[in-house]
């Protein structure tokens with residue numbers, strides 16, 4: 001009789017419905033009593049699919065798996081139960097980047113829905129800079145802490161040095177122009193899709209390397225108490241070193257003592273990289289070279305982020321000779337008279353413009369059209385629409401083309417499965433848009449007639465407060481713009497034969513614009529050799 005009782009008790013303990021019921025009760029309890037939503041946390045950091053605000057619920061099995069994966073990542077006993085220790089860890093100060101990236105979060109992420117956790121195994125997404133000299137620039141300092149500007153620079157220089165000491169990378173601070181890693185201090189919702197939450201909680205976040213405007217950028221929550229050389233507050237240098245790891249291509253480590261572990265480990269004046277951190281960075285860039293490095297803090301005049309981004313009118317060095325057209329590519333039209341329907345970046349750094357069913361590829365320095373172009377747009381982007389109204393690359397390197405009420409989405413020049421899609425919803429604003437811009441804040445803006453709006457593929461109508469008049473934000477930019485691009489760290493708008501250069505910081509066009517686009521963009525009516 002006693003043995004039967006023991007067997008029944010054992011079976012009851014292993015009953016999945018019993019375990020999952022306990023998980024659900026724990027989650028409801030924590031949400032109600034503490035004002036803390038475990039579901040929102042697990043969604044934010046990649047453990048669960050995002051469903052908050054949709055009315056859909058997560059299954060008990062998915063919740064239990066999320067808890068187990070989190071407990072495994074941070075080194076807690078793996079129970080699958082939302083106990084006090086687990087919740088305490090969830091609420092501790094940490095990095096704002098995800099712990100698990102899915103394929104829609106980044107084009108290079110694993111397609112697995114489960115986190116891959118192995119002892120002492122670093123994680124990367126395969127994203128890296130294609131060079132070893134990385135530039136950085138501070139555009140904002142903390143406004144809520146007494147740190148001096150020199151202390152900011154010291155923190156960032158020391159943080160970069162942690163990575164340069166174990167890799168071939170060098171880091172150069174620039175003052176003017178664009179940089180690979182832009183550093184700023186922000187509060188709450190600051191326009192990049194990753195809001196801060198006030199004191200404690202999320203400390204900072206950084207974007208992975210890539211070709212979009214926000215790639216590599218690193219933001220610190222200005223509500224934190226940032227300090228240097230003291231155990232009080234949050235040490236800026238240690239957090240910066242962690243975030244720069246992300247900006248170089250590293251994901252979070254499941255080694256609790258690694259620098260790339262997601263949680264802030266407190267002040268340690270002798271902190272150093274863990275072997276796991278070193279293996280991670282060297283898997284991307286290799287071991288340090290033996291050649292002598294130049295002094296780390298040397299500043300010199302800014303040079304452009306990529307060698308092909310310099311903007312100046314094209315000048316021929318020797319007499320131009322007309323090339324015989326290569327069939328079946330038609331001979332180029334008078335390029336100087338070209339009007340853009342769209343202008344956009346591709347993930348590999350190429351710059352394209354389209355007009356009707358033709359596509360033009362710019363030379364690597366952004367001036368003049370490459371030989372062999374124009375050609376049919378569908379030769380480059382299969383099934384592309386004729387006369388697209390707008391095109392834009394998002395932060396993940398995907399290219400969107402807009403045509404009437406349809407959206408075409410491309411990854412690495414291939415049309416994604418399920419596309420084109422129709423724009424749903426009753427609002428007409430997202431139909432027949434005239435220009436689209438991926439701005440430095442990580443958002444996509446679309447323009448139509450005299451108005452603009454933030455756009456996201458999930459939107460069926462403009463968000464509250466939109467559309468707004470173009471003049472209310474984009475000072476000096478005309479109505480009915482035809483194309484827009486952020487190129488070499490600067491925003492440009494196009495209309496007719498002219499282009500406008502826009503000052504992102506002061507949100508107004510530069511003096512002296514508009515200017516004719518023929519010479520600086522199109523090479524003055526001739527196809528320029530590669």
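Any Cβ shown, glycine's included, is placed from N, Cα and C.
Just so you know, TrEMBL annotations are computer predictions that nobody has curated.
TrEMBL tags one of the stretches 153-197, 198-242, 243-287, 288-332 as region 'Disordered', and that stretch is 288-332. The Ca(2+) 5 site recorded in TrEMBL includes 391, 436, and the single candidate from 138, 139, 343 that the record places there is 343. If you compare Cα positions, residue 391 (Ca(2+) 5 binding site) sits closest to 217 out of the recorded positions 95, 217, 243.
Compute the center of the Cβ atoms of 95, 242, 246, 252, 260, which mark the site for Zn(2+) 2; besides them, the chain residues with Cβ within 8 Å of that center are 97, 206, 243, 245, 250, 251, 253, 259, 261, 262. Rounded to a whole number, the C-alpha distance linking residue 242 (Zn(2+) 2 binding site) with residue 197 (Ca(2+) 3 binding site) is 19 angstrom.
Counting only residues at least six positions away in the same chain, the Cβ atoms of 342, 344, 390, 391, 392, 400, 402, 444, 445, 446, 447, 455, 484 sit under 8 Å from the Cβ of residue 436 (Ca(2+) 5 binding site). The binding-site residues near residue 260 (Zn(2+) 2 binding site), taking a 10 angstroms Cα-Cα threshold over the set 198, 205, 217, 221, 224, 343, amount to none. Under a cutoff of 8 A between CB atoms, and with a sequence separation of 6+ in the same chain, the neighbours of residue 243 (active site) are 95, 204, 205, 206, 218, 220. For the pair residue 343 (Ca(2+) 5 binding site) and residue 192 (Zn(2+) 1 binding site), the Cα-Cα distance reads 22 Å.
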